[in-house]
Amino acid sequence: MASELDGLPVIATRREEAEGFLQGLVSKSLGWARKYSLFTYPFVTACCGMEYMTMASARYDSDRFGAAMPRFSPRQADLLMVVGTVNCKQAPILQRVYEQMADPKWVMAFGVCASSGGFYDNYATVQGIDRVIPVDVYVPGCPPRPEQVLDGIMLLQKKIQNQSHKLIDRTPLPVISGGAGR
């Protein structure tokens, strides 16, 4: 494995190649594990909530896609499902919920109202939640069918699996001796 650094060839050692291989393997394993363990937090505001409940029922079984039970706190979730219309008074609340989620986090806009404001084109409605928070997957429909939502979850799973998952550096910090005890 050779690369260029200021015009001079740099040859990686076998150890560096092995570390790169292991990091890639661990990153792929993390992607595989994360894609099947989505902890959802629903932000339900409108009529699409009925289809959200249908999608979570036994007939469609969202558990087999790794998006089982909704969490009761955004701190426990990594997938925010914005279901329905968001008005201007709710936008700061939605922003706060998004900020409370732990990294990595993903957002799904559930329905036309969450994606683009729907047919509510007035001063009080946010014309798409992407004006407030970043969105990873848009699920169209008024309301979207449960099959469409499951397709959106599978699309998000592919995106999660293909992302690079950084490892946390756990090198110990140096111990500073001295102080009051000396």
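For all residues, glycine too, the Cβ spot is worked out from N, Cα and C.
Taken from Swiss-Prot as is:
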- CYS47, CYS48, CYS113, CYS142: [4Fe-4S] cluster binding site (BINDING)
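Each residue in ALA46, GLU51, VAL83, GLY84, THR85, GLY111, VAL112, ALA114, GLY118, GLY141, PRO143 lies on the same chain as CYS47, CYS48, CYS113, CYS142 and has a C-beta within 8 Å of the C-beta centroid of that [4Fe-4S] cluster site, without being one of the site residues. Within its own chain, CYS48 ([4Fe-4S] cluster binding site) has VAL83, GLY84, PHE110, GLY111, CYS113, ALA114, PRO143, PRO144 as residues 6 or more apart in sequence whose C-beta sits under 8 angstroms from its own. For CYS142 ([4Fe-4S] cluster binding site), the same-chain residues that are 6 or more apart in sequence and have a Cβ closer than 8 Å to its Cβ are GLY111, VAL112, CYS113, GLY118, PHE119. According to DSSP, CYS113 ([4Fe-4S] cluster binding site) sits within a helical segment. Minimal Cβ crowding within 10 Å, among the binding-site residues CYS47, CYS113, is found at CYS47.
In this structure, CYS142 ([4Fe-4S] cluster binding site) belongs to neither helix nor strand by DSSP; it is coil. According to its DSSP assignment, CYS47 ([4Fe-4S] cluster binding site) is coil.
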